[in-house]
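According to TrEMBL, the protein carries these features:
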type	residues	note
DOMAIN	133-248	domain 'Probable transposase IS891/IS1136/IS1341'
REGION	176-195	region 'Disordered'
COMPBIAS	176-188	compositional bias 'Basic residues'
DOMAIN	260-331	domain 'Cas12f1-like TNB'
Amino acid sequence: MSNHFQFLEDKRIDSLAKANAIQNYHKAWNAFRKVHEAGVPKFHRKSYAWRYQTNCQYPKQKTARLDNGTVCFEDRKHIVVPKLGRLRIKGAQQRLLDRQDETRIGTVTISKDAADRFFLSLQLGSDTPFVSKLSRTNRQIGIDLNTENFLTASDGRTIANPRYYRTIKGKLAKAQRTLSRRQRRAKKEQRSLRESKNYQKQRLLVAKIHARVFDRRRDFLQRTSTALIKNQDLVVAEELRSKNLLKNHALAMSISDVGWRSFLGMLSYKADLYDRQFITVSPKNTTQTCHDCGFVMGSNGTEKLTLADREWICPQCHVHHIRDYNAALNILEKGLQKQQKAQSKS
């Protein structure tokens, strides 16, 4: 590869970064051959955001620790990375640096986002768990994700949707209009956008607004998912088909803003981390089914519930239902049935 691209022979480039890029290239093609869903692998387009990966090595060390590899912590505020040297970081958790057990640093990812913020991500490995096991709570919960609020739980609790994007939508639109004007002016004057200082200044402002929304949403999702996993032995949610939901243009912005897919991903890995159980079930008829008698709306000549029907009365048992709470109960019941089937097979 270096024969075709001379810049790769630059001694300032980490050799392990090139090795990781080649490895990721082969992984992409292997995944394509197995799955055939996402299309032919392509190179990332040129962007203001970038990242690369390297690896920590322990060439002459008998034990692997956080302070004796090619990537190592000097103290809580400084880390050494090959080719980049000594970097000042915002701060590592002291409880991590105080670990007396053998802790190996594996893959290291250095990245920069569109808002010109730099990040360092470390893959750590150890025979000793990084978190202690939690005691059993003997509680299970089903959650219904919806656009009316963020979620409704089977115990009756609701968590409001913070709608971070909507709160900043006006400011973002104004900043984007200014960015478009500066882009048109730069093109009219035949100036490169990367060399246009006014354009770059405004681009950075727009990127920072997006980053602020992303950070606030991620913090909310992290806190909510951690609380659910720590306080329940079993969490059940619907399988999401976000791609189909986004086709509804009336709801597309609300669905994108809420971050359901990221939330379910957090629940999944945190359940493994804290030795809890997280189950997803089919969403079929969870909203339309009466939890008390099992009657399904849309059958026996009845009409199906629409998104406008927030409350309804079962035509068979005449029980009054709050739409999302009833759905959460049905989701929990489906999850318990799925759990029992899995246990009986094992």
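Cβ coordinates come from backbone N, Cα and C, glycine included.
TrEMBL labels come from automatic prediction, so no person has curated them.
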Residue distribution over DSSP helix, strand and coil in the compositional bias 'Basic residues' (176-188): 13 helix, 0 strand, 0 coil
Secondary structure content, the domain 'Cas12f1-like TNB' (260-331) (per DSSP, counts of residues): 23 helix, 13 strand, 36 coil
Whole-number mean of pLDDT values that fall within the domain 'Probable transposase IS891/IS1136/IS1341' (133-248): 92
